[in-house]
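As given in TrEMBL:
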- 24-465: domain 'Major facilitator superfamily (MFS) profile' (DOMAIN)
- 25-46: transmembrane segment (TRANSMEM)
- 88-107: transmembrane segment (TRANSMEM)
- 119-140: transmembrane segment (TRANSMEM)
- 147-166: transmembrane segment (TRANSMEM)
- 178-197: transmembrane segment (TRANSMEM)
- 209-228: transmembrane segment (TRANSMEM)
- 234-254: transmembrane segment (TRANSMEM)
- 275-297: transmembrane segment (TRANSMEM)
- 309-332: transmembrane segment (TRANSMEM)
- 339-358: transmembrane segment (TRANSMEM)
- 364-386: transmembrane segment (TRANSMEM)
- 435-456: transmembrane segment (TRANSMEM)
Amino acid sequence: MSEATAKRDEGGWGAVLADRHFPAFLLLCFGIWLHAADAMLTATVIPVLVVDIGGAEFIAWTMALYVLASIVAGSAAGLAARRLGMKAAICGGAIVYGLGCAVSALAPDMAVMLVGRAMQGFGGGAMVALAYVALTALFPAPMWPRLYACISGIWGGASLCGPLIGGLFAEAGLWRGAFWAFAGQAGLLLLLFLVFLPKTAPEQGAQPAVPWGRLGLVALGVLGIAVAGILLAIVPALIAGLGGIAVLAVAAGIDRRQKRPILPRGAFGRGSVAGAGYLMILGLSIATMPFTTYGPILMEQIHGTGPLVVGYVIAAESIAWTITSVSVSGAGPAWERRLILGGASIITLGMIGLGWAVPYGGLWSTLVFAALQGGGAGFCWSFVTRRIVHAVGDEEKTLAAAAVPTIQLLGYALGAAGAGIIANAGGLGTDPNPATALAAGPWIFLLFAPFAFAGIEAARRATRA
């Protein structure tokens, strides 16, 4: 047997399935399922939820707080595993997630719902991050592509099943049952973790500190923008929004000077390929989040679309992302520039198209543009990530790769918060009805077009070298 054949066999499905850690890895993937399906589930039940408990002006917060808590948990998860051991850390994530689902299920008003959403985001984000930590710690590198394929399958399955679960409960008028169903799954997962995961000892010695201060500033900045969306007076809203942007700028400046930055230092140089790649991811993530946040209530108010159908229209974005990313996964370096630029352009076409399709088009046109928005991301995301990682020094490659999902989630949080400002300014938050939905609907998408075009320009700069 040649050396190449041996390496191929070591990373083949046979070796992966036979590995003694594979059952534990599948158990960790259960946590990824909960986190991935949660977003689709919540998007599906939101229109019914706000009729019951009110708080339509805080729809954006249900997403923004969930994503922000995920960012914080993801940044802290690795350190928690070192200090507490993998088993204790991931059990803690399951407990927080399950309690968050219970809080959401019992919520008498939107304020309590937001507490539950933050807990769900923190617990789910921790479980996802720890699954990735376990993958690299327990398995040899040749197996990683197969294991990442398993994780991609989990995300794809969640995109299909999350709307189904949420839609069935919402159609029956039992939206609280959807959260109880996920609380029950979290309880089962905790039991399985306790029984089947091997106990791991905490690492000894000094551990790097979690950058709580910088993460707190990021959260404060995003919340400042979100607060602007619920302030009726123009001057306080401007102060909150501009203040939030200023706090984010301060956080970036502080991070740049730290010994252990969140972003690699190579991202800040003039003409930096990595910096352009991060700006592309940030801009496009901001531009695409309004559809997930407000698409459901707009379709329900304007077209009378039922929760189950709404869920699957929203899921079309994720499904298209999965399909296109798999279809181009084998593309070589010669295609990289075209896929990055083409993908960014397709995303922009999709999000602008949604500005017409959601309020004025119909179900099928919305489905097509949602698929374009997600499909474009599938074409370019992995390739721009590769560009970012290759553009920094060897000592920063791990940091550069880890920063990609952080920037992406930050973009989602900012997009949700910004969409809330536009929706509430149009009256959708204070009085959700077909008239306010039509008034606010186009602008919720079209006012984000500059972020999408900035993403295209950043893609052009990231692919010049």
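Along the chain as shown, the residues are counted starting at 1.
For all residues, glycine too, the Cβ spot is worked out from N, Cα and C.
Note that the structure is predicted; figures quoted are calculated from it, not measured.
Against the transmembrane segment (178-197), stretch 147-166 shows more Cβ pairs under 8 Å than any other of 147-166, 209-228, 339-358. Using a Cβ-Cβ cut-off under 8 Å and counting only residues 6 or more beyond its ends in the same chain, the transmembrane segment (209-228) has close neighbours at 60-61, 64, 68, 71-72, 75-76, 79, 237-238, 240-241, 243-248, 250-251, 254-255, 258, 260, 262, 410, 413-414, 416-418, 420-421.
Here the transmembrane segment (275-297) has long-range neighbours at 39, 43-44, 46-47, 50, 56, 59-60, 63, 263, 266-269, 307, 310-311, 313-314, 317, 340, 344, 347-348, 350-351, 354, 358, 366, 370, 373, 377, 381, 384-385, 387-388, 391, 403-404, 407-412, 414-416, 418-420, 422-423, 428, 432, 437, 441, 444-445, 448-449, 451-452, 454-456, 458-459, 461-462, meaning same-chain residues at least 6 beyond its ends whose C-beta is under 8 angstroms from one of its own. Nonlocal intrachain contacts for the transmembrane segment (119-140), taken as residues 6+ away from its ends with a CB within less than 8 angstroms of a stretch CB, comprise 10-11, 16, 19, 21, 24-25, 28-29, 31-32, 34-36, 38, 65-74, 76-78, 80-81, 86, 89-90, 92-101, 103-104, 147-148, 151, 186.
Sequence-distant contacts of the transmembrane segment (309-332) (same chain, six or more residues past either end, CB-CB distance under 8 Å): 40, 43-44, 47, 152, 155-156, 159-160, 162-164, 166-167, 288, 291-292, 295-296, 299-300, 339, 363, 366-367, 370-379, 381-383.
The stretches the transmembrane segment (435-456) and the transmembrane segment (234-254) are not in mutual contact, being linked by fewer than three Cβ pairs under 8 Å (pairs 6 or more apart in sequence). Residues 213-214, 217-218, 220-228, 263, 417, 421 of the same chain sit 6 or more residues outside the transmembrane segment (234-254) yet have a Cβ under 8 Å from a Cβ within it.
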